[in-house]
Amino acid sequence: MSRPPPTGKMPGAPEAVSGDGAGASRQRKLEALIRDPRSPINVESLLDGLNPLVLDLDFPALRKNKNIDNFLNRYEKIVKKIRGLQMKAEDYDVVKVIGRGAFGEVQLVRHKASQKVYAMKLLSKFEMIKRSDSAFFWEERDIMAFANSPWVVQLFCAFQDDKYLYMVMEYMPGGDLVNLMSNYDVPEKWAKFYTAEVVLALDAIHSMGLIHRDVKPDNMLLDKHGHLKLADFGTCMKMDETGMVHCDTAVGTPDYISPEVLKSQGGDGYYGRECDWWSVGVFLFEMLVGDTPFYADSLVGTYSKIMDHKNSLCFPEDAEISKHAKNLICAFLTDREVRLGRNGVEEIKQHPFFKNDQWNWDNIRETAAPVVPELSSDIDSSNFDDIEDDKGDVETFPIPKAFVGNQLPFIGFTYYRENLLLSDSPSCKENDSIQSRKNEESQEIQKKLYTLEEHLSTEIQAKEELEQKCKSVNTRLEKVAKELEEEITLRKNVESTLRQLEREKALLQHKNAEYQRKADHEADKKRNLENDVNSLKDQLEDLKKRNQNSQISTEKVNQLQRQLDETNALLRTESDTAARLRKTQAESSKQIQQLESNNRDLQDKNCLLETAKLKLEKEFINLQSVLESERRDRTHGSEIINDLQGRISGLEEDVKNGKILLAKVELEKRQLQERFTDLEKEKNNMEIDMTYQLKVIQQSLEQEETEHKATKARLADKNKIYESIEEAKSEAMKEMEKKLSEERTLKQKVENLLLEAEKRCSILDCDLKQSQQKINELLKQKDVLNEDVRNLTLKIEQETQKRCLTQNDLKMQTQQVNTLKMSEKQLKQENNHLLEMKMSLEKQNAELRKERQDADGQMKELQDQLEAEQYFSTLYKTQVRELKEECEEKTKLCKELQQKKQELQDERDSLAAQLEITLTKADSEQLARSIAEEQYSDLEKEKIMKELEIKEMMARHKQELTEKDATIASLEETNRTLTSDVANLANEKEELNNKLKEAQEQLSRLKDEEISAAAIKAQFEKQLLTERTLKTQAVNKLAEIMNRKEPVKRGNDTDVRRKEKENRKLHMELKSEREKLTQQMIKYQKELNEMQAQIAEESQIRIELQMTLDSKDSDIEQLRSQLQALHIGLDSSSIGSGPGDTEADDGFPESRLEGWLSLPVRNNTKKFGWVKKYVIVSSKKILFYDSEQDKEQSNPYMVLDIDKLFHVRPVTQTDVYRADAKEIPRIFQILYANEGESKKEQEFPVEPVGEKSNYICHKGHEFIPTLYHFPTNCEACMKPLWHMFKPPPALECRRCHIKCHKDHMDKKEEIIAPCKVYYDISSAKNLLLLANSTEEQQKWVSRLVKKIPKKPPAPDPFARSSPRTSMKIQQNQSIRRPSRQLAPNKPS
């Protein structure tokens, strides 16, 4: 890159160099190269060159090189500054992600500064380098940047950082045509419009010397007006001089790819722009039919159909397509040598399909589009699919150890449509004037937009009101729901409280019972004791009788003993009471002492507080006096402040007035300047206009003069010849003179205008001078006012300083006052607290005094009692002495009595021993009884608790039982209904069998009749043949007779006449026979047609009856299993299945499997659609139902024989490349015999089977050559079988779908296993099914594999195919495989 020479003179250089014209021109050329946005060395490219170099070199391993380190030290900082100044992703707010592809994503963004909405495409540099495809984005950038066509999405700017490339493009809110086709049934009128726009858009691309190569509805976007624009130019390729392209890889989307592009993957890649017209034909077919013309489930099928397009292209009978449309599609979908558009776009435009009254090829973009998108705002993205957030980690370049140059391929990518760098050229000024006009136009448009936005806001308000109403209704509903829930919770709480109360009641009852038991026990004890007492009394009476003599003495002794015991007891109680009183006296004295000490302490504290209070009161008085003085000072200060504020406000008003005057002066100055500039502009414009008009007039005069001279010359030459035209010439001359006079008057007027303009200019000059003088005077006044303002500001500052000082003093004083007030409050609080303490202590003291007085009174009473007790005790002692003396006298008597007593005692001891034995027995029994009773009580308690629990359980069980009873009742009812249904079904089956038999009999009759009719037909045909032969013979005979030469004899005339008569008779007979035969033929043909129609109807009825029979059989099978389960359940008193049920691992019975599966549906969308069907697998059949109602009504949608199953397997991505990647683990495939299928009527035609010559047969396989552009492995050698851009040649079996390298076949390797599928492809069908989960898919596959017969089913040679040979919904659903690149504004 050569640097431009510096502007200054080089030292030592000759002067001639600086003024060299050649050097200046070279500099201008260099400048032009730098300014040119298409130049590889423009300003942005140069800046891009520095930035990636720094990014690629700024690594520790590379910095070890001294040269690199010096370079980085020199340019690192400036490059960072450049990055900060250039546009970056942070300049935009991301609204939503509207598309995601292999290399990045498309975001809907709003520019922060201008608030404009754009679509921003992000391309990962790492992904592009990793996939070695870092060149496709250049075509896309260049086309969008430099196309300048209304048919191409515009690029506003492109920039980059170290991770991504960014392309800020025009946002297309209408979405793509895939979205339009999925939302609308496209009529031919619309298809005509969109095809025309696509043709014009492709013509624009072709005129740029490029071929698109990936034309499809995904890359056709609609703007806000509904008009079409092309996008995704990553596959574009530059044409050579001959308008052709050389390429060895097949590029594009499989459904839209042309045969010549497909052939290019074999190395014959040489084709032209006609490949794009093929794609237009596919697109038109898809719009009119709803699907692509060469659709197949597999990639191989699609490619084979495209290559065999002559045979595989067919139009469905039910599609309403005009002849012109069919003709255009066929003209596009043909060989490239004869394809429409090969000789230019004009032959397409002239096709009769495009003829209409509404638009033509020139004004199509100005006409209203068929569908104008309804947008709620400028960021409305309702026409784009919602894209899930990408939670994956962003991959970046690893840190290199040597120079790699990862950023170098992206140098020069940066582009700005409105480039402001180096924009001081005259062309830029012209651009500015154009821009100003554009701005004015945009302002007008904005006004219209504002009106529309106001209308929109009113609509939105109405919508919000409706939403508020909805919300209010919803809130009411929620309130009602909440109230319901609260009532339910209340009910539950009440029920729980009831249970608790029942528990408590039961416990209380238990306690009551226990107490009753104990009372009973005590009563029993009492009775026992009473009985013992009675027995003892009896014994005592016996003893009394025996010991009458000793009774008196013992009684006396007992009395004395009792008296002694009583006195001793009294003494003990008195001593105890005395001790207690002493203790209480001691404790009360201690308490009194403590209270007295507390009282003293409180009195001391009170004295101290009173002294402190006096001090505080004094301080408070002093502070109040200080406060009053401060207040006086403050009022004085506030008066001073008010005065100062008044002065300041006056000064401020003066300043404001001065500013207003200044502003007025400046305004006048600006107005005058503007007026001056306007006048200058007017003057210049007038001068330019005048000069221009003068030049124009002069030119016209010169022309008129030359013409006049020429006419004169011509007139002079041709006067003799054209004498009659002299008058006309003179009139013309007069007109010319008039024109000249008019031109002269115009010239005079212009001169007058010029003079007036000059006068005005002179007046304006005078005005300008005056205004300048005024401005100078005003400036002087402004300076004076500025000085006054400065003085005033100084004064204001001084006053403000003083004010601040006074305010600070005031603040200090107020703070001191506040602190004093706070301390006063605290002291008051403390004083109040102490007073409260004192009051409480005084109350305690008074209470203690009362207690002490009470205690003293009690002490006196107790002392009196003591004295009385002591006196009594002395009396008792004397009595005891006397009694002792009496006792001593009586001891003698007692001794004698004791001897007797001893004898009695012995007897008594023996009786006591016996009594003790009985008592111990009674005690042990009593203990055992009590223990037993305690255990019983515990058990009873447990029993009550258990009973409660049982009650609760019973309540629950009652509910459960009621529910179970209900279920049992319902089951019984169902059982009854089932039994009745079984009976009915059996009857129905019998009836159906009878009907079947009758139908079969009728069929046999019809067949017999058909056979007889055929025999009759054969007879008639034979008769016809005989008649024809007779006729030919007769004709030949006649020809012979006619060709014979007539003999001369007269006698033969009679023979001739006779033969003529015979001939006429024969002709007559022939005619009559012909008429008879034709009548008979018509009659028998009618009968044949009627019989065939009857047979078709009967066969349809038979199929329907057979399907209903199959469904009934499966229902009977299910009912039988349910009956068995019910019987087992009733026997074992459980509802669950018994041990006898043989169930599979998945919970279903071994013989039966049922659930929801989805079949592929074909409509006009680009995504794989599925329709749910309820599938039942019985022991013999697989039944498909549209819904559970159809199942109940025994109306199956399709029935398959299990005996006719060939193969069941899970699919791979290559088998269903159109399906979503998430759905593939849930899809499986069933292969079955054609005759084992019963279905409802066909809506779509059966796809034609390809020719067998295209298949390579090997080991039972039927291989189809193909290529894989997405991850696939060879099933023979397990090596990769794919590549993104140059995949190896591959083979795929159309029977078992095994995939392998083509080299294995070419080298005749024995790696390839033989084909596992043994069936005739012409008599077999495949069916794709989608399960709800991968587990369900595995379950279905495993269970169906078990049901496949070991021997493959032999095809029935006599089986007739049903007239209803397909389902309502076709199996082969159109799934669009995404293109290689990411399209703008939409998911790719």
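If you go along the chain as it appears here, the first residue is 1 and each next one adds 1.
Each residue, glycine too, has its Cβ placed from N, Cα and C.
ATP is bound by Ile98, Gly99, Arg100, Gly101, Ala102, Phe103, Gly104, Glu105, Val106 in Swiss-Prot, and the record lists one more residue there from Lys81, Lys88, Lys116, Lys121, which is Lys121.
Looking at 373-420, 901-948, 1141-1188, 1237-1284, the range annotated in Swiss-Prot as region 'Interaction with NPM1' turns out to be 373-420. Each residue in the domain 'REM-1' (497-573) gets a DSSP state, and the totals come to 76 helix, 0 strand, 1 coil.
Confidence over the domain 'REM-1' (497-573), given as mean pLDDT on the 0 to 100 scale, stands at 75.
Under DSSP, the residues of the domain 'AGC-kinase C-terminal' (357-425) split into helix, strand and coil as follows: 3 helix, 2 strand, 64 coil. For Asp214 (active site, proton acceptor), the count of additional Cβ atoms within 10 Å of its Cβ stands at 23 [all protein chains shown].
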